[in-house]
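This report refers to the structure that appears directly beneath it.
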Amino acid sequence: MAACRRVQRLLLLMLICGWIGSAHGGKLDTENAADNAERGKNAAGEGKAAAPDGASSVRRSGGWKLAEEAACREDVSRICPKHSWNNNLAVLECLQDRKDETELAADCNHLLWNYKFNLTTDPKFESVAVEVCKTTISGIKECAAEERGKGYLVSCLVDHRTNISEYQCNQYITKMTSIVFSDYRLICGFMDKCKDDINKLHCGSVNTGEKDIHSQGEVIACLEKGLVSEAEEQPAITINEDCKKSIMRVAELSSDDFHLDRHLYFACREDRERLCENTPAGEGKVYKCLFNHKFEESMSDKVRLVCGERLIVMALPPTVLFSTCFGSCSAGQTVSGECQGEMLDYRRMLMEDYSLSPEIVLHCRGEIDTHCSGLHHKGRTLHCLMRVGLQTLIQETDPGADYRIDRALNEACESVIQTACKHIRNGDPMILSCLMEHLYTDKMVEDCEHRLLELQYFISRDWKLDPILYKKCQNDASRICHTHGWNETSEFMPPGAVFSCLYRHAYRTEMQGRRLSRDCKTEVQRILHQRALDVKLDPELQQRCMTDLGKWCSEKTEAGQELECLQDHLDELVTSCRDVVGNLTELESEDIQIEALLIRACEPVIQSYCHEVADNQIDTGDLMECLVANKHQKEMNEKCTVGVTHFQLIQMKDFRFSYKFKMACKEDVLKLCPNIKKKVDVVICLSTTVRNDTLQEGREQRVSMKCRKQLRVEELEMSEDIRLEPDLYESCWQDIKQHCQNVVFGNAQVIECLKEKKKQLTQHCHQKVFKLQETEMMDPELDFQLMRVCKQMIRRFCSETDAKNMLQCLKQNKNSELMDPKCKQMITKRQITQNTDYRLNPVLRKACKADIPKFCQGILNNAKDDNELEGQVISCLKLKYADQRLSPDCEGQISVILQESALDYRLDPQLQLQCNDEIPRLCAEEVAAQEQTGQVEECLKINLLKIRCMYKQFTHHIKIVANNCKIAQELE
């Protein structure tokens with residue numbers, strides 16, 4: 001086969017050389033040669049176009065030789081290697097590709113011009129093409145239909161040279177292409193269409209001799225500059241459409257081979273040999289190599305300028321670079337790897353040099369000068385403009401498909417990719433996703449963070465720019481969001497709205513209908529998790545909340561702070577912003593992993609306590625519930641605690657923000673608590689309903705079982721932090737600042753502080769604290785401090801006790817040797833509180849339900865709501881106990897109180913009240929002992945006669961104490 005091809009090549013060379021000899025030899029008489037020269041004259045314009053006398057009639061035994069012509073003999077021997085002298089085409093190529101500093105004799109120039117012109121215009125040149133390319137011509141309809149004898153056939157074959165498969169034809173057309181493109185006048189129809197524009201733009205002259213004959217590539221380069229200027233809408237620059245098409249055709253054809261672009265070839269030859277020495281010509285490879293070196297310091301300014309101008313022209317019609325992609329765009333046809341490579345290179349060029357996009361130069365000139373001066377290299381201008389706004393170019397280059405297109409991003413993030421994303425194949429779209437997952441982590445670097453967010457800003461505004469999302473969700477978008485194709489645009493469904501539609505359906509249940517496919521839902525969740533890091537990555541949120549962001553959140557610049565700020569000011573936001581923030585918060589309640597920063601901060605506690613629910617693909621609020629339950633574990637760090645608490649506080653603004661609560665109780669809320677929005681109000685409404693139904697014996701519970709279970713979870717969570725009780729928090733805000741300013745929120749510590757400082761509180765706060773204590777005494781499980789401090793003792797002594805009787809159980813085991821001292825102290829505190837008012841002791845209240853109004857009505861008549869009675873009712877019942885007038889149940893409870901108070905004076909609020917000064921003065925040692933064995937009471941009895949307080953009420957109470965002690969001793 002190789003031998004056969006060598007024979008064919010030899011025959012081809014003989015055929016060409018034989019025709020050349022006949023074209024200039026005996027078969028062509030003097031008149032014919034003159035005719036040919038005249039045609040050259042007409043084509044070139046005024047001036048000498050003909051060869052020197054006798055040039056076309058010289059005969060040699062071996063055929064006519066260009067190297068033997070007197071006009072060129074010296075130049076050929078000086079410039080061209082000897083082995084090429086016998087090949088006219090090789091000599092022609094050698095002379096026209098000479099270096100700039102090498103001059104040709106004028107006569108040789110004219111000879112070369114006429115020789116080339118005769119080759120391209122003589123019908124016999126076309127006849128060789130017909131002979132050599134017979135099969136090719138018959139297979140290309142456009143070429144077969146061309147009129148013969150005008151050179152159009154060869155021009156057509158040049159246009160379709162990439163489709164030529166015949167070896168001889170391909171070799172012949174390749175050789176003739178280098179001739180045709182060496183001078184614009186030899187390109188079929190070019191001069192006729194561009195003559196006026198050449199003169200108008202002063203790009204050269206059609207008169208031979210005004211410029212170097214073989215520098216006509218400069219004429220094309222000049223026209224290309226005019227084309228770029230017109231694209232930039234510079235005044236007085238217009239090129240007629242026919243010439244414009246011819247320029248683009250030349251650019252398209254010459255872009256395939258560096259040697260065919262004469263202007264670029266001569267300007268860049270030295271840099272090409274130095275920087276792209278090993279890059280083969282053809283398929284635009286030299287162009288790409290030169291552009292890749294464009295911003296290097298070693299690249300000369302002249303070459304950089306010429307490269308830039310040439311690539312701008314190539315960028316005007318993207319198909320210039322996509323010669324390998326023609327025919328690859330039909331529906332369902334796989335795009336070849338070569339075509340994908342071409343597209344990748346083209347997109348990378350656009351990303352690296354903004355000047356390749358005339359639309360940017362035209363529309364962004366002011367922004368470039370104002371914001372981005374000095375940032376031209378390596379895509380920095382485009383990243384600068386991204387901060388101003390530049391969606392069109394991002395859509396065209398599609399860097400989401402391959403991050404390597406964006407050179408600025410690639411360089412800024414190289415270290416992150418090598419460490420955090422090294423497991424992902426180079427060029428995979430998941431690299432961008434990996435970078436987003438490591439945003440604001442220790443592995444991220446600042447420059448990469450900026451470049452990444454700038455790019456993601458645009459990707460987030462067109463769902464098609466995320467290739468993975470588009471691939472997985474295209475069918476879902478068509479089915480649910482009514483968008484059908486990659487390039488489909490609609491004023492009713494803009495690109496940004498498609499993703500909004502998808503995420504609204506991502507969390508639907510089967511009962512709600514029309515859900516996303518599993519793969520699509522996974523991708524939507526991935527995007528939501530990543531974009532929640534920055535409000536600018538949520539187009540709908542940023543658009544609707546622009547005013548509120550400026551008004552409330554201008555100083556919130558850290559990651560994630562802007563969304564938290566909007567959530568904090570939810571009630572103050574404009575309606576449109578409040579709706580979108582509310583919807584996003586509602587989604588977060590179902591899938592807290594959208595809060596990526598929170599999840600990262602809570603990683604230790606998740607791994608230790610919540611890894612099972614965290615691994616679930618569908619969250620449904622379980623993970624946040626687990627984090628709240630383990631909020632005070634040792635693995636919990638400050639960032640996680642703050643994040644979890646913040647989310648709890650946001651949930652209080654709307655019951656919809658608590659996903660599990662919403663799903664469990666939404667029907668109950670609609671039926672029992674309509675028109676109530678705030679979560680705390682909904683909880684109070686439902687809790688009150690449950691309590692009332694429980695108190696009314698025999699009444700069926702109106703709140704469903706699943707709602708009651710979740711309601712209990714919400715009540716327990718709210719008891720942990722006073723800020724989760726907005727009404728209490730607002731009522732006691734001033735008291736907190738005055739009395740508990742150094743107490744940390746959480747663990748119910750502020751609430752405990754207010755309880756201890758109750759007598760010093762303002763009236764409004766005092767009333768709220770009293771109501772809270774009343775609720776906690778009825779339901780001790782809501783007493784967070786009690787349950788936390790006595791957690792182990794509850795397991796030991798009260799594991800089978802109902803939650804409502806938990807405190808009662810602890811009181812009964814208070815003096816056990818196994819009782820934890822801290823728990824015992826907490827139980828005593830709650831006992832002291834209970835004894836200040838019978839309403840804080842549910843067991844006593846129930847037992848003495850009939851006795852209290854019967855014997856102590858006068859006290860009740862003078863009582864004020866929400867204010868303690870300071871033990872007056874209990875003291876009243878003690879007196880009746882001495883008279884043995886109480887009912888059996890009430891008597892049993894009073895006897896217990898008498899026993900407890902006989903051992904610990906603090907459990908008798910009236911004694912403390914009346915003896916407030918005397919106890920520390922007369923019984924200081926007993927108080928300091930804190931043995932709670934009745935020593936203080938004994939001290940008071942011994943010193944009864946010494947007490948100089950003459951108040952009848954006081955002495956009367958001491959007698960009661962003495963009597964109680966006697967009774968307590970008898971009971972023992």
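Just so you know, glycine gets a Cβ as well, placed from its N, Cα and C.
Summarising the annotation, TrEMBL assigns compositional bias 'Low complexity' to 42-55. Per TrEMBL, region 'Disordered' is recorded for 36-61. Per TrEMBL, repeat 'Cys-rich GLG1' is recorded for 238-298, 334-393, 443-510, 515-574, 635-694, 702-756, 760-818, 885-948. Among the features that TrEMBL reports, signal peptide is placed at 1-25.
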**Prompt:** Which value does the mean pLDDT take for the repeat 'Cys-rich GLG1' (238-298) in this predicted structure?
**Reply:** 67
**Prompt:** Using DSSP, how many residues of the repeat 'Cys-rich GLG1' (635-694) fall into helix, strand and coil, respectively?
**Reply:** 47 helix, 0 strand, 13 coil
**Message:** Please list the DSSP helix, strand and coil residue counts for the repeat 'Cys-rich GLG1' (515-574).
**Reply:** 41 helix, 0 strand, 19 coil
**Prompt:** With DSSP, how much of the repeat 'Cys-rich GLG1' (702-756) is helix, how much strand and how much coil, in residues?
**Reply:** 38 helix, 0 strand, 17 coil
